[in-house]
Amino acid sequence: MDAPALSSSRGVSILLRPPPPLTLRRALSPTKPYSRIKTKPFFICASTSSDSTVTLLDYGAGNVRSLRNAIRYLGFDIKDVQKPEDILSANRLVFPGVGAFAAAMEVLEQSGMAEALCTYIESDRPFLGICLGLQLLFESSEENGPVKGLGLIPGVVGRFDSSNGLAVPHIGWNSIQITKDSGILDDIGRHHVYFVHSYRVIPSDANWDWVSSVCNYGDSFISSITRGNVHAVQFHPEKSGDVGLSILRKFLDPSSSSKKLAHGKASQLAKRVIACLDVRANDTGDLVVTKGDQYDVREHSDEHQVRNLGKPVELAGQYYKDGADEISFLNITGFRDFPLGDLPMLQVLRCTSENVFVPLTVGGGIRDFTDGNGRYYSSLEVASEYFRSGADKISIGSDAVFAAEEYLKTGVKSGKSSLEQISRVYGNQAVVVSIDPRRVYIRNPNDVKFKTIKVSSPGPSGEEYAWYQCTINGGRDGRPIGAYELAKAVEELGAGEILLNCIDCDGQGQGFDIDLINLISDAVTIPVIASSGAGAVQHFSDVFQKTSASAALAAGIFHRKEVPISSVKKHLLQQGIEVRM
């Protein structure tokens with residue numbers, strides 16, 4: 001009979017068998033890799049199975065729905081690992097690791113999966129590790145460590161060095177350099193693939209015979225490994241569009257003849273163009289994509305109805321085809337009384353992730369709450385439901401403002417804020433903080449306690465300075481905290497990216513607030529997404545040439561078909577700015 005489910009410190013439940021005998025496991029220490037008595041030698045063999053079933057080792061964290069959808073999209077069935085024996089009997093095994101290194105190792109060890117995984121890989125059975133599924137193969141990690149890994153490949157997983165201004169996490173579409181034939185990476189070398197991680201492994205003489213590609217971000221790190229039938233990638237093929245689907249197809253069916261990809265020209269990290277869909281219920285209760293004018297989403301007419309610019313799933317699918325690098329859903333209805341009652345929005349995510357293979361972000365109403373029956377739900381539970389429904393990143397707005405205010409007041413990280421809870425479990429790369437500031441002009445920078453700037457255009461009464469007041473509740477309520485102070489606080493609390501809006505520029509089509517973007521980009525070491533104000537292709541090149549923003553987001557100009565995404569990217573290429581095509 002199966003053993004009961006075990007809950008790890010991350011709240012992840014998995015079905016357990018009794019652990020392997022202690023004679024098979026060395027006493028573990030933080031600096032020694034996982035090790036065991038090897039019962040069979042390492043050998044090379046070729047898989048001859050034509051079975052259409054893929055065994056998936058999903059230990060319960062992060063967005064694995066997108067990978068499931070990609071596998072099914074390619075015509076394969078999925079069998080989930082429930083016990084170690086399922087690993088040993090697999091014809092092909094995919095391990096999509098998400099979250100923190102130590103927590104993942106804890107789950108693998110306590111369930112007996114680590115032993116089975118090592119046996120499977122050492123037997124040269126078809127294996128594909130993704131992201132953390134690559135890192136766990138190495139000896140140890142510095143993430144909250146040192147923490148030992150499976151120890152199958154020499155090397156230590158270390159954090160990117162942000163001391164020289166490098167934005168960490170490494171988020172976005174980067175190029176890879178193929179170092180040896182691997183089969184699954186054929187024709188991929190000049191294309192962008194999607195990365196989202198803060199830790200990486202540096203190639204060395206000890207592990208070089210495993211390395212099949214490297215990527216440059218600050219320094220050169222291992223982006224994939226290959227030996228025999230064993231493969232692992234640091235990037236996310238299920239989020240890398242047609243390029244990623246090609247990689248998955250070649251792993252799942254090496255004999256398949258896939259359509260040859262167009263010649264790529266990738267050479268470095270690309271600037272991202274993100275399509276944002278503001279989603280809310282209209283007056284008849286249907287979920288629609290809308291767009292505000294300085295956050296007012298109703299038509300200026302006698303009916304005063306919510307602007308309806310399309311259906312969210314259909315629009316997201318179209319933007320994916322048009323070349324959007326990410327899709328961001330903002331639930332501006334928020335379902336503030338009962339976020340988990342937001343079933344239509346969860347369904348939007350589920351349906352979108354079936355055919356959209358780029359990152360999906362969702363925000364709106366993600367916080368702690370108590371329902372009408374007195375049942376308490378943590379923000380982690382709410383976020384987990386969105387991740388399971390297809391979200392890759394969670395965007396937090398008003399709740400992040402409250403957390404930052406408390407942190408600045410006390411100087412203490414409580415560990416209880418939504419920011420801290422979600423980033424601790426899913427990693428800071430999964431947490432975006434959406435900042436909604438409003439420009440406040442002043443004559444003298446000493447008039448306020450917040451960080452001020454000398455504005456490029458004077459205020460209505462000739463003021464030369466301004467500070468940016470943060471707002472909550474969709475820009476309706478101002479708070480006593482500046483955007484600069486908020487950005488620095490949320491980075492310390494665990495945010496991995498900042499979505500920087502501007503109420504003054506929203507819906508105006510006059511360009512991004514360059515002053516604001518420079519203020520925040522210079523304040524933090526995490527990536528910044530510029531938002532609000534795009535009205536022409538020139539505005540995108542302006543923001544990338546005049547600031548260090550990693551991405552630019554737009555909504556209305558895409559919804560109204562005023563400026564197609566393809567036109568934005570063609571313009572950026574003409575200006576010498578690398579983008580994914």
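Cβ coordinates come from backbone N, Cα and C, glycine included.
Listed in TrEMBL for this protein:
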ACT_SITE  C131  active site, for GATase activity
ACT_SITE  H236  active site, for GATase activity
ACT_SITE  E238  active site, for GATase activity
ACT_SITE  D278  active site
ACT_SITE  D436  active site
BINDING   C131  L-glutamine binding site
BINDING   G365, N501  substrate binding site
DOMAIN    56-251  domain 'Glutamine amidotransferase'
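Positions of the features from TrEMBL, shown on the structure.
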residue : record                           : Cβ within 10 Å
C131    : active site, for GATase activity : 26
H236    : active site, for GATase activity : 25
E238    : active site, for GATase activity : 29
D278    : active site                      : 25
G365    : substrate binding site           : 25
D436    : active site                      : 28
N501    : substrate binding site           : 28
| field | Length of the line joining the Cα atoms of D278 (active site) and N501 (substrate binding site), in Å | value | 13
| message | Whole-number answer please: how many Å between the C-alpha atoms of E238 (active site, for GATase activity) and N501 (substrate binding site)? | response | 29
| query | If you measure from the Cα of N501 (substrate binding site), which of the active-site residues C131, H236, D436 is the nearest? | reply | D436
